[in-house]
Each structure stands twice: as C-alpha cells, then as structure tokens.
Amino acid sequence: METTVGALGENTTDTFTDFFSALDGHEAQTGSLPFTFSYGDYDMPLDEEEDVTNSRTFFAAKIVIGMALVGIMLVCGIGNFIFITALARYKKLRNLTNLLIANLAISDFLVAIVCCPFEMDYYVVRQLSWEHGHVLCASVNYLRTVSLYVSTNALLAIAIDRYLAIVHPLRPRMKCQTAAGLIFLVWSVSILIAIPAAYFTTETVLVIVERQEKIFCGQIWPVDQQFYYRSYFLLVFGLEFVGPVVAMTLCYARVSRELWFKAVPGFQTEQIRRRLRCRRRTVLGLVCVLSAYVLCWAPFYGFTIVRDFFPSVFVKEKHYLTAFYVVECIAMSNSMINTLCFVTVRNNTSKYLKRILRLQWRASPSGSKASADLDLRTTGIPATEEVDCIRLK
C-alpha cells in the first residue's frame, strides 16, 4: 500500500529523505503535512544512499537542536511555572491580559516538560529513532501541534484586547463570562484543528544502509488523500498563520496611530503622561512579540510549502536535513521569546519567586490556615507602575 510519510510534530516536523528512500517499492510522501513524489522518478538508487546521521553536518545540527531543546526546557519550564504559580497566588495579577498570557504559559510549559524530553531522545540520543510506542508518538505530536495553535490564537486574542482597550476605551471591558468563553474558544479551536496530527500519526520501521533500522514517528497520509492533505495544510496556513498575522498587524497599527500620532485633548497631567508612556512601552513589547513570531515561523511555513508542493527542489539537496534543523530551531525558539517577553520581563518573575519562597519559609508547619492566608494578603504585590503597564486599564 502506498503511504505518505510525515514527521514528528506538525509544528516541529522532519522529513528524512536520505533514508526514506529505503521504502523500496513504495511511493513515499514526506513532509510535516506530506507531499507526493516517487524516488524512482529521480533515479536515486538505494545503494548510493548513506546514513546521514553519521555525517558531520548532522552532528552539528544535532548539537544545535539539543541546545535549543535544553533552552526550551529551562526557560519555558521554569519561567512559565513561576508565572502560573504567581497568577494562582496573587489576585492583583488576574486581569484579562494576564489570563490570556497564561494560555501561552500553560501550553509552552506542557511542551517543555512533556514533549521536549521525548524529542531530545528522538533527535539527539537515538538519532531519529522512536522507541516509546505509538500512543506516546501520537500524543507528543498532538500536544506540540495544539501548543502552536494555542500560542497563535492567544496572541491574536491579546492583540484584539489591546485594540479594544486603547482605541475604544469608553466601551465596557470584557466580563468574566466573556473572557472565559474567549479562553475556551482559544483552546477548543486549537484542539479541533490539530486532530489530524494525532489521527495520521503512527510509527514506521525504516531500513537504511547496512540494514540498520530506524523507527520513524510522524504523520503518515495515504497517497490517494493528497488533495485532502494539501487542502488541510492550506487551511491551517491561512487560519493559524496568515490570518492571525494580518489581524494582529492591523490591530497594532491602529493602536500605534492612537498612541503616537493622535493628540490627547485637554491638559495632560503627570498621571496621564505616565499612563501614556506605559501603554506605549507595552504596545512596543507586543509589536516585538509579533515580529518575533513572524520571523520565527515564516521560514518554517515557507520551507514546508516549498517541500510539500515543490518536492524536486529538495529531493537531491545534500544538506537538506541540516537546513531543516536550522529552520526548526528558529521556529522552536519562539516559545522562549514569548516566555522572556511576557513572563520574565513584563511580569518580573524573579520578584514573584522571592515572594513565594518567603511565604513558604515564613509559614510554620503548625501554623493555621488563617495565619497562612493573612501572610499571603500581607505579602501581596503592590500596584506598581509595572503592574499597571501589564493591565493597561
């Protein structure tokens, strides 16, 4: 039966064309959301293929992606955990913007502690061989995909919230029920769109040179479903990249016009000027986050489009796998940038960590719940300008 071979994670996929050609007698369709081509069409005899995992370029790429995964586990794991803990403890942080940021934090935290260790084993330790079974293969693939879409949808929701708060300040702010519905929509849309990533993910035993076996973990689409695959990819590309980027760009362009190019009527007090400076800094930070998102993910989507719709471009490229690793590392680094911008910098995570540790240290083992609650209230975070900046009310 002809198959299409996808890769580990729809947002961190791989296509190892050098050893996929071992599927002799089959038409391999490879890609994050795979495309169709036959190795026989390009006269690539099996005995001329080499195991790219033993090359120097692959070794260098393995080191790079290993460093990226370690960085994600440390930055996203620790930073997002502290932010989520602080948000649970301090009520003054629970505004709409921070709740939307919490969606980013939760999704990136799950990827850092659940997916990254398995990917480290797959990419670096076992050099492109999966040893953890079909269920974990599909689960890791699915969680990575959901995390990407949650991040995209949350960034879009934050942009819309800033637009409404700054361009239409007299309109009532979003109620708790509406905010809960928005958060539910962010997750439900991401979960539904990512279902094919889990449904088509499976394991495939591949035999490379010298009869060495590699267990490939990724999406495998039947060749006769090529039209549906490409339609699905274009749908995802439009809904989870092009559409959100255009919408966020329009929102921040309108907000920037409001903050920088529109005269404020009346006499400007020091408090008004301080709030204006605060809003400008926050919007600049959000624009930087949007720019980082585009710079990190545009190469990945562009690489995927060329690979999936114009396979002849890469099929004989010697350093194709190394190029993919570079593109993938750039895309994965976006989660670290989000954590540093939203969690560590904007919310001063170290201050929250010190307060949480002090609270635990001061609470005696025999202390009552009432005294612990009093301790929590007395160590609450003051309404500083930094907190006002993130709230932007």
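Using the three backbone atoms N, Cα and C, a Cβ is placed for every residue, glycine included.
Listed in Swiss-Prot as the disulfide partner of C217, from the options C115, C116, C137, is C137.
Residue with Swiss-Prot feature N-linked glycosylation site, selected from N11, N348: N11. Simply put, out of 99-119, 233-253, 283-303, 99-119 has the most Cβ pairs sitting under 8 Å from the transmembrane segment (180-200).
Classification of C137 (disulfide bond) by DSSP places it within a helix.
Within its own chain, the transmembrane segment (283-303) is flanked in space by residues 11, 152, 155, 158-159, 162, 166, 237, 241, 245, 248-249, 252, 255-256, 259, 323-324, 327-328, 330-331, 333-334, 337-338, 341-342, 345-346, which lie at least six positions past its ends and keep a Cβ under 8 Å from the stretch. For C137 (disulfide bond), other Cβ atoms within 10 Å of its Cβ number 23.
Within 10 Å of the C-beta of C217 (disulfide bond) we count 29 further C-beta atoms, all protein chains included.
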